[in-house]
Amino acid sequence: MATVTKAPKKQIQFADDMQEFSKFPTKTGRRSLSRSISQSSTDSYSSAASYTDSSDDEVSPREKQQTNSKGSSNFCVKNIKQAEFGRREIEIAEQDMSALISLRKRAQGEKPLAGAKIVGCTHITAQTAVLIETLCALGAQCRWSACNIYSTQNEVAAALAEAGVAVFAWKGESEDDFWWCIDRCVNMDGWQANMILDDGGDLTHWVYKKYPNVFKKIRGIVEESVTGVHRLYQLSKAGKLCVPAMNVNDSVTKQKFDNLYCCRESILDGLKRTTDVMFGGKQVVVCGYGEVGKGCCAALKALGAIVNITEIDPICALQACMDGFRVVKLNEVIRQVDVVITCTGNKNVVTREHLDRMKNSCIVCNMGHSNTEIDVTSLRTPELTWERVRSQVDHVIWPDGKRVVLLAEGRLLNLSCSTVPTFVLSITATTQALALIELYNAPEGRYKQDVYLLPKKMDEYVASLHLPSFDAHLTELTDDQAKYLGLNKNGPFKPNYYRY
């Protein structure tokens, strides 16, 4: 099969000599970790952006007999009759995902994923549906489940099922449902996955533990989250990763756009929808000044909030200082702040001791991938009263009458309480699609049993696909300029060690 590298002019083109992806070293030291490999993402909470509430029908989808218009029952969704509405949601998302649609049009004639059997576990939203349908258009067969028990847009899942995608997901799954859906995707007579697209590592973990023979035959894994990437490095360090994996999370197009710009917009959306709070003059502490923290702080500062930062990394701390923020320890400001936001990827960043010391009506929320950052379990004690005041907003009441406003039970705020910008998801989805194409078409031996980063050329290609949306025009190097800089006129324009 011809690879993408050899595509004609109108199709995908990467670097002339398709060098091997830069190998990403195993990270050690003080970088914040997330959940262990055996822990489920079902304790993450996500999108409220579905028009159909999970409580509208008490009958479990597992107990329903449903078929789509073609007579297929190879799916399990809340209500297949919602497919038409879900299709409209997908069509709306396509309007702001022009780069991914462009990729689909350029490559669908060549079918670079013909023969690929992709099992996926991601948020199932209109934007993800555009990615799934792009993979199908490029020749892949897909089976899909949700990486998060609350993230699924039921009408979108129905539309995918109607289109013939084997999707097993609905909003409000139990933990048992969550693993059942993953298993249904993986365990099917006459069909065996050869590629994995994961968000959080639960699918990879399930296949590795329950279906080791299938895992050994996987040609590549693409992972987009901090949590999932950490799990892959755990497997690699232990010598148990027997397939090549692509770390999309640390690609430039994911870190600098999804993590930074997405959170810069969605943090305010989530907070405003849930609390109606005015930020001018409010005292806020943001735990963590990575890309997510930087985006949150920029948005809050722009609205007049007084922002404090907590950090373990001196480099990030210095960046915060130079950006005009005060770097503190949480204990130093916990009694005064009006809002506490976590975005470290670590666990127990906000403890019961911190919660006990907070002022009345302090808002507490999390922008990290999982719900380990705030010790919510410590609040489920007899002396504290929980009062649900609106969807995904709880007042936790102390015996003296003090209330702490807890959002999404400490789970991911932007996908729990609002939505995220479609355009940014197009950047991430395009990166995921290209990573799948590369791993699937790579000749034997190019990638060993390890975790790899995307090459700079692929990051640049993803960015270039999105520039027409802004009517942006790149300057071209002259031959003399390219020779002076020692660059190929077509890129890559920065070395792999360059920090944007």
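Counting starts with 1 at the first residue shown.
Quick reminder: no glycine exception, Cβ is built from N, Cα and C everywhere.
These come from TrEMBL:
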type	residues	note
BINDING	Thr125, Asp199, Glu224, Lys254, Asp258	substrate binding site
BINDING	Gly290, Glu291, Val292, Gly293, Lys294, Gly295, Glu311, Asn414	NAD(+) binding site
COMPBIAS	34-53	compositional bias 'Low complexity'
DOMAIN	259-420	domain 'S-adenosyl-L-homocysteine hydrolase NAD binding'
REGION	1-73	region 'Disordered'
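Projection of TrEMBL feature records onto the structure.
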| residue | record | contacts (Cβ under 8 Å, 6+ apart) |
| --- | --- | --- |
| Glu224 | substrate binding site | Thr122, Asp198, Asp199, Val248, Asn249, Lys254, Thr428, Gln432 |
| Asp258 | substrate binding site | Val424, Leu425, Ile427, Thr428 |
| Glu291 | NAD(+) binding site | Gln255, Lys256, Asn259, Leu260, Cys263 |
| Val292 | NAD(+) binding site | Asn259, Leu260, Cys263, Cys343, Met367, Gly368 |
| Gly293 | NAD(+) binding site | Val286, Cys287, Ile309, Cys316, Cys343, Thr344, Met367 |
| Lys294 | NAD(+) binding site | Leu260, Arg264, Gln319, Asp323 |
| Gly295 | NAD(+) binding site | Asn259, Leu260, Tyr261, Cys262, Cys263, Arg264, Glu265, Ile267 |
| Glu311 | NAD(+) binding site | Gly288, Tyr289, Ala317, Ala320, Val327 |
| Asn414 | NAD(+) binding site | Cys262, Cys263, Ser266, Ile267, Asp269, Gly270, Met367, Val420 |
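Sequence-distant contacts of Gly290 (NAD(+) binding site), defined as residues of its own chain at least six apart whose C-beta falls under 8 angstroms from its C-beta, comprise Asn259, Cys316, Cys343, Thr344. The full span of the recorded NAD(+) binding residues, Gly290, Glu291, Val292, Gly293, Lys294, Gly295, Glu311, Asn414, taken as their largest Cα to Cα distance, is 22 Å. Put simply, the two farthest-apart Cα atoms among Thr125, Asp199, Glu224, Lys254, Asp258, the recorded binders of substrate, are 18 Å from each other. Packing around Thr125 (substrate binding site) is summarised by its Cβ count: 27 other Cβ atoms lie within 10 angstroms of its Cβ, all protein chains included. The Cβ of Lys254 (substrate binding site) has 25 neighbouring Cβ atoms from other residues within 10 Å, across all protein chains displayed. Over the domain 'S-adenosyl-L-homocysteine hydrolase NAD binding' (259-420) the predicted model carries a mean pLDDT of 94. Asp199 (substrate binding site): 28 other CB atoms within 10 A of its CB, across all protein chains.
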